[in-house]
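Accompanying notes for the structure given below.
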């Protein structure tokens, strides 16, 4: 008591004492109070932390003893309430949360409300505990009722926690309530809610929040922009995501590697490789270093679009930068080579993987097996399977499906069925792809009853058929001339709320058109539109050729206009059908218009049409055009015939 005002002497004496014996709780608490009176928060924290961090401390007994001494000597040794704040913080930091709450309640009993910064620490720690979010909500409501004035940080902690557990609407409501509680939401508050909505794929509320921010003069930060770009890219709206990137840079916020990689991956997944490369080059211009994920996205995109040579160049560029490709990149390239039919190159990459001690996984081998099966090399595929099993890899559904597909393509349906039975014996259940592959094989061999039986089997096993499954069956019925069964299948699909697509309707329309039943063809087309199914290029080609064959040139002309309006290009056969149909009806101007359109589209007319239009122009005195058509006919038609003979 005599030397308490000589702070250095107190600490020196305490350290001397500690070297000789363990200080009692009372001694430690006295020094804590003296340090608090000197506003030495670091020493206060260390003294309390050292006591509670001791191994094997009995919290139940020690809490009562420590708090009792701290309160008992409070007035005589310092009277600084901040001591209790630091005690509370230590308990929270060490995860002794139940006793932290007891301390809060005890201090409240003495009329002392702990600081908001200490309470924020408590909230933050609770947010990382299992089921801690439930306690957080309780603490947030109860503490405010007893005098804790929550600040911006408190609200942001709560908003972040709610978003993390998927309660984004509740987080948004809390954001809206902040102003009513005397707190102004900041960029962090808004960005956290935006990120929450982005994580759940909700774009509309994100756009509204950005508008609110702009009204309040708040600018989105890099975190906000990153979240929006990621959401738009994931939902396929990559062009919109790129607009956000432009907005981001215009506000002086520099995008990082993650933003560029997200956009590159988005463009690659939509097949827009040129846009992905443009962004990749932009990264390099801004000295933003592409990482393994960036290269992986580009290589995957190139392989998906069949540009395997460019993907291989990119791999070498990546190696030149000192980046080591992983199993995923090698497997992606192997898959690209397999799809391009370059099995030797695929196996060369496999061997390279092994050389650099990368272990090919089940996906790598399945890709190779699939490539071999597609080329009909089933014996080699089986050898590879034995190698897989020898390495302890278990065949999965994709491996079996590749083999089933290979056997079906080779016409060995019996062996494919046996393999499906072997799958089940191995505990791997066939999926929709397995059944659809077999169904397609049966359809191609005209065994429609067996194909239809597989659909019943799928439904009994509660395996959900895909639209491809139904389209395979529909095409089988139509190619076998079983149009009534095709009509029944379509009706059944609609009754079961299974939405057909354009391919489903096209199969039926094509066969009715082949039978010259344009009334029924038109009915199916109208039914398709009535169901909200959007026609594709093949739909229009089927309808136009059918109407031309039936000499319904008015309908064919209208459909052609509609087709072009939708951005589709007629096929060569469709142009030929239109031109010859108009010529038979002596509608020469329409025929000529179609002929010129076909040439503009770069499609090659046959010799008969070149002769007709060369003669027509000659008779009309258009000698230059007549000669041009003659030269074009000789150049193109003769060249094609020569190529065909050489082939």
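Cβ atoms here come from the backbone N, Cα and C positions, even for glycine.
TrEMBL has this to say about the protein:
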REPEAT    151-185  repeat 'PPR'
REPEAT    186-220  repeat 'PPR'
REPEAT    221-255  repeat 'PPR'
REPEAT    256-290  repeat 'PPR'
REPEAT    326-360  repeat 'PPR'
REPEAT    361-395  repeat 'PPR'
REPEAT    396-430  repeat 'PPR'
REPEAT    431-465  repeat 'PPR'
REPEAT    466-500  repeat 'PPR'
REPEAT    501-535  repeat 'PPR'
REPEAT    536-570  repeat 'PPR'
REPEAT    571-605  repeat 'PPR'
Local confidence of the repeat 'PPR' (151-185) - pLDDT mean: 90
For the repeat 'PPR' (186-220), distant same-chain residues with Cβ under 8 A (at least six beyond the ends): 152, 155-156, 159-160, 162-164, 166, 168, 171-172, 175, 178, 227-228, 230-232, 234-235, 237, 251
Folded-back contacts onto the repeat 'PPR' (431-465), same chain, C-beta under 8 angstroms, at least six residues removed: 397, 400-401, 404-405, 408-409, 411, 413, 416-417, 420, 423, 472-473, 475-477, 479-480, 482, 485, 498
